Each structure stands twice: as structure tokens, then as C-alpha cells.
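Notes follow once the structure below has been shown.
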Amino acid sequence: MTLAIEWAEKYRPQTLKEIVGNKKAVQYLRTWAEKWLSGIPDRRAVVLHGPAGVGKTSTAHALARDLDWEVIELNASDQRTAGVIERVAGSAASMNTFFGGKRLIILDEADNIHGTADRGGMRAIAGIIKNTLQPIVLIANDIYGLTPTIRNLCLEIKFGSVQSRSMVPALKKVCESEDILCSPDAIQQIAEGAGGDLRSAINDLQAAATGRKTLEVEDLSTSGRDVKENIFKAMQRIFKSTDCKKALEAARGLDESPEDLVHWIDENLPFQYASKDGNLEDIKTGFGYLSKADLYLGRVKKRQNYRMWRYASMLMVCGTSVSKTRPYPGFIKYQPPSLWKKMGQIRSKRDLRDNIASKVGEHNFESMRYSRNNLLELYSRMLKNEESAIEITAGLGLELEELIYLSGSTKASKKLQKIYERAQELLLEGNEESDGAEFFRTPAPPGNSKEDLSVFSVNNSVEKDGKHSERLEVPNSRTSQGGQKTLNFGFDIPPEISPETKNSENNTSDTIKPGNLAPDILAPVTLTPDSFTSDTLIPEQDQAEIDDIGIKSDSLTSISLEHDSLKVKNSSSLPGPVEKEAFSDSEPIENSISPELSRSVKSVNREPAIKKVSDNSEKSEVKVSETPKKVESKTQKTLFDF
């Protein structure tokens, strides 16, 4: 006999054929799963609900093995907040497997997702079910522990208690595998004492057979297992019985507190004691006992004295049983408390309202509280216009349920469905072309926009006469990252340039041809004697002075201008080429040209600056300052403006 693991886990069914009991429920689950093989069914998730130990989780795992599906499971031992569920189950539900098969997502004990530890879990499950591409199985003991939204999205399959006659063959098989001789009476007693819980029956068998090779009835424990009473059976015993003791036993066997039990009795008492002749005395008497029980429940909360639960339970149970004056035959379908349903609806609407307020606040850079108190009513009024409703739905990314709530409707009308469909089309177009609806496009936060700084550009164009003219272009408008347009401040045309500046630039353009560079940046250009004519370079007032000096333009063979260095190579007769880089408006070039030419150079006003060269150097070399001077507005002369 091996005690390494529990027998209930060791002999867990591996296929659907090995499942004990609930054959119809297993068949329903198999039919639903086969629909996934040909596409996505209408109900993308299923809820297996029923008592503990009847094989719900084992059936889900057996289904995955039969269909060769991968399994991802989240149970009560895992943290199941909204973030965890979306990270684990959400990612698994939205992606296909590597080999193209299906992945079964199992959420065990889904009805126990509540409290601070599992904050937002129910809402995350509902969102995953709506968009899942993989089958999802929810397992719950109490179907009413799930929200109405999840229940409407899922296919409900109920698992009932396993009959004792179905347990006996399974228990005999376990005894044979463990080499234990167990009498039929002992097996029958274990099966009947399990209360329909096969897992508990196997655990009882393991506990009784520990250290034994044979098992008889005398070896079994005299105390039986505490069996939880079903709420519907307990309600039947309370309303049908006239014995107060039996009614109290049924109530004590429930896994319900007196605060919950009083709501069950309050909901079903008018239906159970309804009389055809219109006599309401029994109903009046029953509610009188319930009101007194409610007083004790209030004192329990106020004084924290839980001993008063005893008196409250006796009043609500025994008072209801003895309040009837005659029996009420017939079957009554007992309903869960409507108060819980209303509270669930209110909680669901409150969560829906907060989600909408969060989206509105994010779009308007406001808090959720401010949006909830001040902006939701404004947006609700804006939905009355169909075009505005479409832009709001697309801009905020509203779901159909959120659109229904914000519009104040109770159900999805054809108009709202049309608005939602057009908003989805607008979102698809926005993803392909731009950022969606222009009016409700979320602007970029302050300080994070990356503006295009190249607003102004200099356009160097070559005119017909070969001269370069610089034109400052100002765009009419530009669009920022957030989609907002910026005005051009009235600069539809380039700013006017003063005539003096134009003359200065025209004079410079004949001697210096910078290409596509800005006018204040020198580029290497070679000038030949053909480039200099008296008509273009030498003013008439300076022609006489040049003739007196005796320098002819054809004696200049070449002048080379470079950006980094300046070299002037010449003698009194200028036999060779003259290489020039920059000129100074303050100091003359010595030992390179004649004194007469040096005096003429003093009158030259050029943009770059040069430094004085030593007297003993054979050839003059000067360096250009790294930061060139700005072009002055006054008229400037070139080298040959003598």
C-alpha cells in the first residue's frame, strides 16, 4: 500500500469514460468542446457548477486529454487579481498554440474570486471571455457566486451528487489496485456516508484501510461524515415541516449564516404560504417572526455578540414552521434572494460607471471622481446627436454596454447598435490612416510633443542671370504630434529684405558662388580672369584710379578662395596665380603686392576676418576666424572695388 499521495489524486479519471456519474453533463461538455474544432461557438466559455467532489475539475482535465489540448489552470491557491488573470489567462486566450491546436483554460473555484486579494478578477474574467480565441472552463460550487455578466456569457452545465450505487464500483476498483480485501457492506456504508461526494468516499476508504489488508464494517469509524445540507432541500423541510426540531437541524446543516438564511426565507415565504382564497394570515404571522429575528441580527452587528444568533435562528426557522395553520401541498420552485440580484446589478452598474469615468478623465486629463461628478452628464447629453455619439464612442473607445449606460437606455436599441458599429468602422479607418476621430483625438501631454524645428528654411534658387538669390520660406501651417495646427503668424510671403542688403548680396554673389549653402558660409570657388569685367566688378568711379596704378585685370591669372586657409601668391608684376582665402578690413597684406595696391585693399570691407602675417614670410598665409561676421546692412565692396 502506497501512501505517498492521496488516493483521490492517484486514481483521478484520465478520460471522460472513466468519470463516475453525471453522464449527461459530461456529454453536454463534450458536445460544446467539439464545436471548437470547427470554429468559435456562440458561448466561448462553460461553467461547471455543483457540489464539491463530484468530478468537475477531473472532467475538465479528462476532456483536454481526450482532445489533446494544452491546459492552463488557475485555482484558489493562486493570486487572481485583474492583472494576474489578464497576464496569464488573457494572454493564453488571445494566442494560438505553436502547432495550431487548442488550449483549454481552466479557472477553478471561480465563485471564490472576491476581496482585496482578488480585486477586479470578475471584471477581468468577463473581458477575457468576450474576446477569447481558446475554450474556457469555469468551475464553481455556487453558480450564484458568479456575476450575472459572466453567467450570461457562459454555458451552464450542472453536476449533481454522485449516487451511492455509482460509487461502489469505483471504490471496489481502488481496493483491488491497493490489494485490500474490503467487504461489500463496508464499501456500501462508505458510499452512503459520503453524501454524494466521491472524493470524500475515497478519502474515507484510505483513512479506514491505513495499516490494514482487510476491511470490515467493524473497522469503520462509528461517527459519520458531516454532510452539508442543500439550501433548496433545507427550505423544503422548513416550510413543509411542523416539527421545530427537524427544521432547526436542516438549518444547522447549511453552510449559510443567519444573515443569509433570513433573506432566503423572506424571499420564498409569500410564494409558499399563498392561499387561493386570499387569506394572508399565515404570511402575516411568518413575517412577524422574521421581523423579531431581524432585531436580534441587528443587535449582533451593533454589540458584536454572536450568541444572539441562536435566538435569531430559532425565531426565523421555528416561527416560520409553526406559523402556518394548514399544510400547503404542491411543488414550489424556491428562488434565491432578489436583494442579492439587485445588489449585483447595482455593483455591476457602479463598475460600469467608473470605467466610463476613467476613460473620460483620461481623455480630458481629469480625475475619475471629477469626471464622474461633472462630465458624465455632459457626455450623456452629447450622445443625443448621432454624429457626436459616433465620435464620442470612437474617441473614448466605449463598449456597447458602456454606450447603453451612458445614453441612459436599458437595452441595446437599433440606433445604439448602429452608432456602435459606425464607431468601430471609424476606429478601423483611424488605425489605417491617422489617429481616429479628429475632434476627439487625444492631444499630446504638455512638454512631450516633439515639434518639427525646421519651420523656416532658406531656398537658394538660381535666377536667369546666373545669380543666386536667397529666399526665406515660412510654411503656412504645421501640424504637431497631437494633431493640432499652428498658425503661421501672418507670414504668407517671405519677409522683405532691405535694398542695401540686396545690393550687398548681389555684389557678393558675383565673386563668391556658395552653391546651396547659406550666404554666411564660404565654399571653395575658383575665379578666373574671365569672371572679372569692368562692367560687373569695377565701379566707374574707381576705374581711373586703377588705370593710374597700372594694374590690368588680364594680369590676374586666377584667384582661389578656400574655407580654411588663405594664400595670396603674387609679386609686383603678378607673374603667377593669386590664391586667396579671406581678407581683412583693418590690416593690409604686406610684402605680397605693391604699396599702391595695399592702399586700395584698405578700403575693402569683407565678411571674413584675417590676421596679420609676419614681415619676413615669403608668402602670406592668414587664417579665417571660426565665427564669421554677419552680413551688414550697409553696402559692402569686393576685393576689386578699387
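Cβ atoms here come from the backbone N, Cα and C positions, even for glycine.
According to Swiss-Prot, the ATP binding site annotation covers Gly50, Pro51, Ala52, Gly53, Val54, Gly55, Lys56, Thr57. Per Swiss-Prot, compositional bias 'Basic and acidic residues' is recorded for 464-473, 604-635. Residues or ranges marked as compositional bias 'Polar residues' in Swiss-Prot: 476-487, 500-511, 589-603. Taken from Swiss-Prot, the feature region 'Disordered' covers 432-452, 464-518, 568-642.
Annotation note: Lys56 (ATP binding site) sits in a helical segment as assigned by DSSP. For Gly50 (ATP binding site), the count of additional Cβ atoms within 10 Å of its Cβ stands at 22 [all protein chains shown]. Each of the binding-site residues Gly53, Gly55, Lys56, Thr57 was assessed for Cβ neighbours inside 10 Å, and the highest tally belongs to Lys56. Neighbour counts were taken as the number of other C-beta atoms within 10 angstroms of each residue's C-beta; across the binding-site residues Ala52, Val54, the minimum falls on Ala52.
Counting every protein chain shown, the number of other Cβ atoms lying within 10 Å of the Cβ of Pro51 (ATP binding site) is 17. DSSP gives Pro51 (ATP binding site) a coil state; it is part of no helix or strand.
Taking the mean position of the Cβ atoms of Gly50, Pro51, Ala52, Gly53, Val54, Gly55, Lys56, Thr57 as the ATP site, the remaining residues of that chain whose Cβ falls within 8 Å of it are Asn141, Phe159, Asp197, Arg199.
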